[in-house]
Each structure stands twice: as C-alpha cells, then as structure tokens.
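Take a look at the following structure, please.
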Amino acid sequence: MQNVINTVKGKALEVAEYLTPVLKESKFKETGVITPEEFVAAGDHLVHHCPTWQWATGEELKVKAYLPTGKQFLVTKNVPCYKRCKQMEYSDELEAIIEEDDGDGGWVDTYHNTGITGITEAVKEITLESKDSIKLQDCSVLCDEEEEEEEGEAADMEEYEESGLLETDEATLDTRRIVEACKAKADAGGEDAILQTRTYDLYITYDKYYQTPRLWLFGYDEQRQPLTVEHMYEDISQDHVKKTVTIENHPHLPPPPMCSVHPCRHAEVMKKIIETVAEGGGELGVHMYLLIFLKFVQAVIPTIEYDYTRHFTM
C-alpha cells in the first residue's frame, strides 16, 4: 500500500515540478532553498574539494534548460558499502517518530533521548574562528592524516544543526577516515565480510519543486550485478525506508528506478543551520550547501561511505 501511495505522490510531484517556475532570486539565507545557479556553485565547490564527485550530463532529451548542459547533476561511482544496516548497533529507545501526521509517514529523530537541553546549550556557546566565511580543508590532504579516534555515529537530519557538529572543536568536526576504517573491519570479519561488500553509484540532482539538492543511489553486489530494491533497502536506515527514501525514476537517466532521499525537509534543516551559524557571529556561504547536505543525509544511508568534507571550521 505504501508503494502505491509513493507512486501517486511521485506522479503528482512530477507535474508540480513541471509547473513550478525556476527560482531566480536567492532565498538561501531566508528559507534555505537555492537557485539553479547556486546549486552549480555548490557543486563546483564539492568537486574541487572532493574530486570523487564529478559533473555529468545524462540523457540529451532530459537536459534541463535552467542548468548548464555539462552540469546537470553530480555523480560519484563505486562507493563502498561494507555492511548492512542491521549489523549496526541500534536501539529503539534512542529514536522517536516526529510529526507522524505530516503526510510523509513521519520523520525519525535518531537521538530523541540524548538530552535536548544539553545539546541546545552547546549550540548556543558556539565560538567562531572566522566571522567572515567558512574555511575548508581539502579532502585529499586530510585523508592522509593519522586517526586517533573511533568512527562516530551518523547524525540525523534534524539533529545535525543541534548536535555540536557546528562547534569549532576540531575533534568534533573531523569525520574519520571512514573508508579505511571500514576496510579494516571487513578484513577483520574474514571471508564472510568480504562477500558482503557492495558498491553504490550516488547522484545529486537539483529539485526544481523543492528548490534543493536531491540524493539518488543505485547499488551493485560484489560481482557488479545490480541489486534488487529489497537488497538496497538493507543498506538504508529502516526507519527511512519507504518514507524518507522511495523508489523513483532518475530525472536525467534511463531506467531502472533508483532509491531517492526525499527533499521535503532539506531547506528547513539548512535554514536552522544558517541561523545557528549567524547567532555565533558567522556567515554560512551557499557554496557550502552540498558539503553540509551530504553530512546530514548520512543518517539515512549510514553504511555507504561516500566522500564529503572531512573538516570544516566556522
């Protein structure tokens, strides 16, 4: 039944997107949405700092006139996925469905019981090293640094702007050498762990209706054979399957359909992050959008080790 509902919603949104005019004036600071030009600028910034991501065109007949022909969407391929979501430690007590009647089946607050007051106070005490802009260190340089801490759990989308990830503490902001750590875990797991290794192709498109980026993914087994929908769902947080994540056709590529992270809350989350940075005396540039976007959607696909900024300082 949920699949039928998602299909109907998908068709309705296709019509709505077609009828929605292209956003011309920047509303990033006010609402968290971006124009196609800002999407391209953020994409260029992502490609520069994380070169595993590249621009692509897709099918000629599906080219969107409001985007440059050679910059229709972003793609990164052969992204490793070393384990299934069910293999990760999980506790129902740490999650709660929020806004169950919002029309999308409810959203998951991953760290519901971790102490909201403490988190809020931590965000209020943010100190910014630079009040003019955000400084970013290149991913390729930081990949070579020695790691002394264990991997941290993925932050949920609504938790991100409150969790302290915006603090200037480098130990907090420095996401770990994820790929190497996961490889080590796979090696330690023996032959069974190796056989479970999958890869994913990830895509970021511009959603004209929601006026935000949208993430797509398609998976393959260890023989590079396409995964079934049910197999891909194994690599997605089960509380987001068929709610936040649905199966839809890629707007620039031919079938088969792909998993897509629904963008209905992206602007809202980004707006909160912008406000948090501003309260600390800083300014979040729109060029940082995709780097932060990839961080907060990690909660949905926690076992897929894609490339995003490893360190940024407010």
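Keep in mind that glycine also has a Cβ here, set from the backbone N, Cα and C atoms.
Annotation source Swiss-Prot lists N-acetylmethionine at M1. Feature annotation from Swiss-Prot assigns motif 'Membrane-curvature-sensing motif' to 4-19. What Swiss-Prot records for 104-110 is motif 'LIR motif', and it gives similarity to another entry as the kind of evidence. Per Swiss-Prot, the feature region 'Interaction with ATG12' maps to 140-170; the stated evidence is similarity to another entry. Residues or ranges marked as active site, glycyl thioester intermediate in Swiss-Prot (evidence: similarity to another entry): C264.
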Taking all residues of the motif 'LIR motif' (104-110) together, what is their mean pLDDT?
44
Tally every other Cβ atom lying within 10 Å of the Cβ atom of C264 (active site, glycyl thioester intermediate).
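Taking every protein chain into account, the count is 16.
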